[in-house]
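Everything on this sheet refers to the single structure shown next.
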């Protein structure tokens with residue numbers, strides 16, 4: 001692989017009047033582009049940074065909570081006057097209010113992701129997806145487990161770290177009905193809102209009769225918001241995996257949730273949303289990471305549950321399982337994660353040879369220049 005195989009790069013910027021410290025470099029072959037993008041070009045790695053350019057549609061152009069889990073002593077008094085109200089307030093109502101509150105979280109996180117200065121829409125959405133997931137895990141899962149004073153619970157956890165698995169198991173046992181109600185609410189209400197799209201319908205109607213009156217309307221709404229959908233699905237998966245240890249009857253509800261979600265989003269992807277850019281499967285490593293987090297939390301819960309049942313041998317037997325899970329995650333990151341972050345030089349070379357036989361090399365370079373500028 002000699003340097004003579006590289007074609008002369010072409011530097012250009014869409015705004016020729018403004019000189020910027022960045023450039024898009026086009027090569028006459030895929031092999032040269034892949035090798036240059038995935039190699040360190042300077043001894044100082046911060047001086048000259050190279051990466052594979054996102055697809056043209058993916059480029060960003062600047063120019064162009066825990067209160068729900070509190071239990072009050074007034075519930076018994078209310079239940080005497082209005083039978084059934086207690087189960088509604090402690091079961092369905094908290095999860096409904098929680099869903100209404102966290103509905104605005106993805107929009108706030110995507111706003112924070114814009115401040116990071118990503119060059120592509122996919123990287124910005126993936127960053128927002130991570131922020132939303134950990135926010136939901138912290139607020140829906142952990143804070144809903146805490147009863148009483150939040151500071152007291154945190155203080156107890158830091159002063160007695162060995163009791164964390166036991167406290168987690170006890171809290172999960174008492175909140176299993178809340179979790180079932182949350183999954184049902186998120187499934188029935190969330191998927192119903194996804195199909196009906198009431199917010200977007202009202203927004204589109206407002207635009208049609210105000211500033212967008214008389215303009216041509218697009219037949220599609222917008223692209224699929226992965227940054228808001230994947231965290232909610234991953235959260236329900238985490239809740240189902242963790243709570244299945246305490247209440248196995250939760251699994252049928254979780255399976256029904258996923259089946260309903262599959263039917264809903266198959267319809268949405270085919271008939272509602274339009275593909276604005278391709279991520280090439282970049283979300284799958286993060287989904288794998290979310291599953292590993294759920295499995296580790298489940299194993300910690302198992303340690304606490306066996307400890308509450310006075311079975312120390314069973315608790316200690318789970319520790320090697322946690323070690324195997326972490327090692328498996330590291331192995332997957334080492335072996336499979338580079339496939340999502342790098343482009344195969346062999347595939348690039350084979351595609352170049354096919355294009356040379358068909359005489360499409362110069363045409364591909366011209367299309368690349370036209371697509372990015």
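One is the number of the first residue shown, and numbering goes on along the chain from there.
Glycine residues also receive a Cβ, built from the backbone N, Cα and C atoms like all the rest.
All annotation found in TrEMBL is predicted automatically rather than curated by experts.
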> When TrEMBL marks a stretch as transmembrane segment, which of 72-95, 96-119 is it?
Replying inline: 96-119
> So what pLDDT does the domain 'CSC1/OSCA1-like 7TM region' (80-306) average out to?
Replying inline: 73
